[in-house]
């Protein structure tokens, strides 16, 4: 009887371990040893054709993690257009095909082993590093979610017009603080926006054809005259969030914000709170290396939000569809 009991208790321990499994570095070292190398090689082979994918994938990773945790729910398709990717904040997200192509290579090597959630997280890191940005550790072992909901995406993803109170709440809901808000906003150093996301600030801030007084007036005049001048093309006209330095992951985004030249209301909002404002000043007084290290800490923290591990979720065969 004793051995049976011991066996049962071992089974119970295994069950507890699987439901409380943690992410770990090199999670696939035995089950798919080449997985991370396949992601990295694909990034290196293709990023020079489309360096702007680094910004696109870090945004996709961010939008994924803020809805149901980092579970690749942003990648799922919906026959009724009710998935996260159909929500307004995700209509300009791109890079889905890039992730799908990596997934098919990884599937060919190890069918049914590596999650889309891990592939997205690794690819976001690898594209940033490949384009000269900071490196951060990516522990793996995430599993893929099976639910993707438009309304949840609309309610949880921070918007370009959010004020500091809303931003603080949305970040706190994910276990992130004001320091994380400042650091993760720093990814705007390589960002591109559409004129439509700041048209209110330029042309109709309070509904009276006015501009946002918190936006530097000289900069606003420049944007109106040269960048966002064709009102019929605001949805398609792109604009750099860190003009003059968009291709380098550096501190100049914060220099623009402190001069009241951040593009979004959510960028400007960082100056309306004493904690976030002083953090920006501190970052600008430090080195790029310091910013890179701090950014790495925050984005690694973001990559752990509500992850599914152990026996939760599934390992999707194709990133756009749940397994039947």
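Each residue, glycine too, has its Cβ placed from N, Cα and C.
Worth saying up front: this structure is predicted, and the values here are computed from it rather than measured.
Residues annotated as signal peptide in TrEMBL: 1-21. As annotated by TrEMBL, disulfide bond applies to 32-110, 65-70, 116-319, 195-228. Positions annotated as site 'Transition state stabilizer' by TrEMBL: 59. As annotated by TrEMBL, substrate binding site applies to 158. Per TrEMBL, the feature heme b binding site maps to 188. What TrEMBL records for 189, 242, 250 is Ca(2+) 2 binding site.
Positions of the features from TrEMBL, shown on the structure.
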residue	record	Cβ within 10 Å
32	disulfide bond	19
65	disulfide bond	29
70	disulfide bond	27
116	disulfide bond	30
158	substrate binding site	22
188	heme b binding site	24
195	disulfide bond	23
228	disulfide bond	22
242	Ca(2+) 2 binding site	26
250	Ca(2+) 2 binding site	18
For this session: List the Cα distance (Å, whole number) between residue 250 (Ca(2+) 2 binding site) and residue 110 (disulfide bond).
Result: 37
For this session: By CA-CA distance, flag whichever of 158, 188, 189, 242 among the binding-site residues is nearest to residue 228 (disulfide bond).
Result: 242
For this session: Express the distance between the Cα positions of residue 116 (disulfide bond) and residue 110 (disulfide bond) as a whole number of Å.
Result: 13
Exercise. Of all the disulfide-bonded residues given, 110, 319, which has the fewest Cβ neighbours within 10 Å once its own Cβ is left out?
Worked result: 110
Exercise. Around residue 59 (site 'Transition state stabilizer'), which residues of its chain at least 6 apart sit with Cβ under 8 Å of its Cβ?
Worked result: 93, 187, 191
For this session: State the count of C-beta atoms found within 10 angstroms of the C-beta of residue 189 (Ca(2+) 2 binding site), not counting that atom itself.
Result: 24
For this session: Starting from the Cβ centroid of 189, 242, 250, which together make up the recorded Ca(2+) 2 site, report each further residue of the same chain whose Cβ lies within 8 Å of that point, ordered by sequence.
Result: 186, 188, 190, 245, 246, 248, 249, 251, 252, 253
Seminar exercise, completed: CA pair residue 65 (disulfide bond) / residue 189 (Ca(2+) 2 binding site), Å rounded to integer, equals 20
For this session: With residue 32 (disulfide bond) as the reference Cα, tell me which of the recorded positions 158, 189, 195, 242, 319 is the closest one.
Result: 319
For this session: Select the closest residue to residue 70 (disulfide bond) from the following binding-site residues, measuring between CA atoms: 158, 188, 189.
Result: 158
Problem set entry | Neighbours of residue 188 (heme b binding site) among the recorded positions 110, 158, 195, 242, 319 (Cα to Cα, within 10 Å) | 242
For this session: Out of 110, 158, 189, 242, 319, point to the one nearest residue 195 (disulfide bond) in space (Cα versus Cα); all of them are recorded positions in the record.
Result: 242
